[in-house]
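Trainee: Shown below is the structure under consideration.
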């Protein structure tokens, strides 16, 4: 059955239409359907400022609190200050616990309490220390609350306006007030406060559709919301409203003191209110338009209220000139122009990015930002200004380090700044230090030995590991061995210790093999390993121990201090979704995945890929994928034509995400070539995978014919072998002169022939005991057994004289004879128990003229072949 099934499968395979599978040269970097920026995702240290201190305006003598929060609890917080009285001075770290500044810390939140004085005004920064990493917040300004009049005369005479009923009157009473923060306004008519129709007019009072009841004396008052200071403006408005019927026709015109044009500056995201001054008789109709802004009036964010145009959620594209056109049928019409400027806080759109950099190399970092006015770009290296660094050069939006030094390793931050605020972005700069040759112990010149090379290979240590939290009790380490020509590394060991006094280094039990001596990137070869059984809410350091081919070892530099944060206190990381497992080759697959939102990429440093054969329940193999923009990755080497299961998780230095759903995929099946590949004479060529022209170049019809003929030939040969073996077995069984020993052995040989399954047969020890006295009964048993021989696998018994019996000792013959005589003397019958066959035997006297008095024991016949197989000791005959 097995042979037939295999033959049919081979026949179907050979007769199917086979085409060569093209060989892929390189794994695609990204799926085709996704868009990617010009540079990979910037490596993030995993720690960042979640909440920077905010700018405040307060009066003298008041106490303010500045708050700063980081994503992970730092080792310590510090605050720096730059006074507003010293122009051009740098930031200085504050001494805490003084009368004018006090710092308190609660987990990952730091609070700075400042007493507002002339010397405490200025700019403040929050600085978080995470081992060698320094993360700096954006600037918070502390300013003094103030309100003042600009160019106003206390003896200013009031305005006298006379208008026809039905007009809209605009009075700008707040043009002479300067307030920080912006003042709130109150309006009065005849000494009684009135509620304005529009709020947020910045000191402009608009009276729509005035009537005789609107006549009166108007005044206004400005209040500073921070200090509560109030200023009563000296200017007054005397308004007189006449009935429309009594007014003469007059074209639209401006009243005394009304501006002919306006220029307004507003912050992006605020609400903008444009007011159109002018009156006429009859009251004019107002039409709004803009030659610079398409759809400025007819959109969901704009509303027209006669002489007012309100634009909510102002955007940069709303900047431009707006025209208020007034017409009442009397020429000329009136046009009023309003110039709108929209300011935008700075926003970094292209953050800096840095990879592992060798010490002494040149590094160029770019930082691109938007904002109105155009923001100023400056850089901090681990909290220190790049201006003070002798190796740094600033060129437009670029930071150039002519020679990267060890002190540059850490966090590099780019800041974009304009008068509306600041925005920052950073990257982790890892510096691969130069390898320093160890000096020889003995001084003077060293003459090499005859058998010793002129240059001895060095032991290059691995880089210090980067640490990522996996769970409350485990972390993942990532390190790299830089490209070198030193001694090969055999295995790695991971060591860790808890930070504190008298804490020793612990070594994990796992040996991490180096693998093939092959660099998997331009910088070197990267590795990963996990460390378990750690304690949460404790700080650890890690290092890597490399064991070399000379059985010596060398340690890496220790990692930065890592605080193992409990998972409940961390925000969840975005979980990638495995989309497809592409069969890349016989030994490789390509994973394709996606994120729920590309906006989450700034939270991710890279991905961990886990895989193992689907038939295995062992531990997963791990692979590290650097860069948040990656959407595919090739995993190799794998077993040929093997099903694997895969899962992914994203990670940062703080934590790792939950695992994605398991997805299975297999490697390609082996490609069988029907042509022999010629031997290469010159050059290097990859012969592991046949090319398109070399694979299956025979036609499908010819291939099918040859395959079918081969299968039929195999079937005929198998049938002939089985028939011949069965005939030879029968011919041997019919030979009456065959020795008894050979007959018993042949009885059980056919059990292994023509077996339907190739199961492993259990080896049994054969114990055969011949009855030397049973030969005289040969004729009688042949007569009784001949008719029933076919249904049984046991051959007919033959007791012919065998010359081999002469070799049996006379003592054994006499013992056997006495046993039979005793059995025959017990009333001529006895039911003996055969322990091997578990069947009864019959004994009795048999008359034999040649040998009187001889008692023979008749051997029982087995009922079936299956009973023979289940006996367990078929080749033992009890006498």
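Every residue, even glycine, has its Cβ placed from backbone N, Cα and C.
Sharing the record's features from Swiss-Prot:
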type	residues	note
TOPO_DOM	21-703	topological domain 'Extracellular'
DOMAIN	252-340	domain 'Ig-like C2-type 3'
REGION	426-467	region 'Disordered'
BINDING	497, 501, 503, 541	heparin binding site
DOMAIN	575-670	domain 'Fibronectin type-III 2'
REGION	662-698	region 'Disordered'
COMPBIAS	665-678	compositional bias 'Polar residues'
COMPBIAS	688-698	compositional bias 'Polar residues'
TRANSMEM	704-724	transmembrane segment
TOPO_DOM	725-879	topological domain 'Cytoplasmic'
REGION	728-879	region 'Disordered'
Trainee: Centre the Cβ atoms of 497, 501, 503, 541, go out 8 Å, and tell me which other residues of that chain have a Cβ in range of the heparin site.
Mentor: 498, 499, 500, 502, 504, 505
Trainee: Between the binding-site residues 497, 501, 503, 541, whose Cβ has more other Cβ atoms within 10 Å than any of the rest?
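Mentor: It comes out as 541.
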Trainee: Max Cα distance spanning 497, 501, 503, 541 (heparin binders), Å?
Mentor: 13
Trainee: What does the DSSP secondary structure composition of the domain 'Fibronectin type-III 2' (575-670) look like, as residue counts for helix, strand and coil?
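Mentor: Taking the domain 'Fibronectin type-III 2' (575-670) as a whole: 6 helix, 45 strand, 45 coil.
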Trainee: Going by DSSP, is residue 501 (heparin binding site) part of a helix, a strand, or coil?
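Mentor: Assignment for residue 501 (heparin binding site) reads coil.
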Trainee: According to DSSP, collapsed to three classes, what secondary structure does residue 541 (heparin binding site) have?
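Mentor: Residue 541 (heparin binding site) sits in a strand per DSSP.
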Trainee: Average pLDDT across the domain 'Ig-like C2-type 3' (252-340)?
Mentor: 92
Trainee: How many of the residues that make up the domain 'Ig-like C2-type 3' (252-340) does DSSP mark as helix, as strand and as coil?
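Mentor: Residue counts in helix, strand and coil order: 3 helix, 44 strand, 42 coil.
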